[in-house]
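Peer 1: Quick paste from TrEMBL:
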| type | residues | note |
| --- | --- | --- |
| BINDING | Asn107, His112, Glu117 | oxalate binding site |
| BINDING | His110, His112, Glu117, His162 | Mn(2+) binding site |
| DISULFID | Cys31-Cys48 | disulfide bond |
| DOMAIN | 62-216 | domain 'Cupin type-1' |
| SIGNAL | 1-21 | signal peptide |
Amino acid sequence: MAFRFHIAAAILALVFTIVHASDPSPLQDFCVAVPDANAGVFVNGKICKDPKLVEAEDFFFPGLNEPGSTSNPLGSNVTTVNVNQIPGLNTLGVSLARIDFAPYGLNPPHTHPRATEILVVLEGTLLVGFVTSNPGMNMKNKLFTKVLNPGDVFVFPEGLIHFQFNKGHSNAVAFAGLSSQNPGVITIANAVFGSKPPISRDVLTKAFQVDKNVVKYLQSQFWWDNHYYP
């Protein structure tokens, strides 16, 4: 019995360790990502560059002081800086984004499947919020929302749907830190109504409890991606 208890405890410890894990922790100073499949060893989807060939440029990204173009239907632009822009971020579990907003611009409801986000407002006034995961039966998902001004900080927990909206008459700028080298993003409207091949209209009609013509109309729209990948 004692032996079984120790085995069960060991398995639980292993499971909780795996569940808690995010991006892998490096066992060396760095693992600069390279696209060449013959160059080294995979680490979380990337390949390590020979440390002897690493240079300062591998940890550098310029120009985040420049505003991104908000001339799109959403009126926002997300400039991402993750492992694909800075190879030296590989295995380090962190990335960054600059978010620009035109007046009444929106960074629409979306999720980051692999990262918590912390947002700081530099300019303007943003209405932000996130929605909890599904609660118990006959309970509503709870919205946590706040109006942010310059210098204010807000956190969006990993995987939860969230948004940012510029409710002011002038441009707004925010920076976001994310707890993954490659946090990913799922924009809800784009994923649901703009997937290819499209999701069955029977599925969406029943899911959203609307007429099939409404789903047909939404699927016919061009769903804009406001993310810019330098």
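Any Cβ shown, glycine's included, is placed from N, Cα and C.
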Peer 1: List the recorded positions among Cys31, Cys48, His162 whose C-alpha is within 10 Å of the C-alpha of His112 (oxalate binding site), in sequence order, or say none.
Peer 2: His162
Peer 1: For the C-alpha pair, I'd like the distance in angstrom between His162 (Mn(2+) binding site) and Cys48 (disulfide bond), rounded off.
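Peer 2: Each residue's Cα considered, His162 (Mn(2+) binding site) and Cys48 (disulfide bond) end up 33 Å apart.
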Peer 1: Who sits close to His110 (Mn(2+) binding site): which same-chain residues at least 6 apart have their Cβ under 8 Å from its Cβ?
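Peer 2: For His110 (Mn(2+) binding site), the qualifying residues are Ile161, His162, Phe163, Val185, Ile186, Thr187, Ile188.
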Peer 1: At a 10 Å cut-off from the C-beta of His162 (Mn(2+) binding site), count the other C-beta atoms across all protein chains.
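Peer 2: A count of 24.
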Peer 1: Let me know how many other Cβ atoms fall within 10 Å of the Cβ of His112 (oxalate binding site).
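Peer 2: Neighbour count, Cβ to Cβ under the 10 Å cut-off: 24.
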Peer 1: Near the Mn(2+) site, what residues other than His110, His112, Glu117, His162 in the same chain have a C-beta no further than 8 Å from the centroid of the listed C-beta atoms?
Peer 2: Thr111, Ala115, Phe130, Phe156, Leu160, Ile161, Pro183, Val185
Peer 1: Residues near the oxalate site, Asn107, His112, Glu117 excluded, by Cβ within 8 Å of the Cβ center?
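Peer 2: What remains near the Cβ centre is Val78, Ala97, His110, Thr111, Ala115, Leu119, Phe156, His162, Gln164, Ala176, Leu178, Pro183, Val185.
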Peer 1: Need one number: mean pLDDT over the domain 'Cupin type-1' (62-216).
Peer 2: 96
Peer 1: Return the residues near Glu117 (oxalate binding site), defined as same-chain residues 6+ apart in sequence whose C-beta is under 8 angstroms from its C-beta, sorted by sequence, else 'none'.
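Peer 2: Listed in sequence order, they are Val155, Phe156, His162, Ala176, Gly177, Leu178, Ser179, Pro183.
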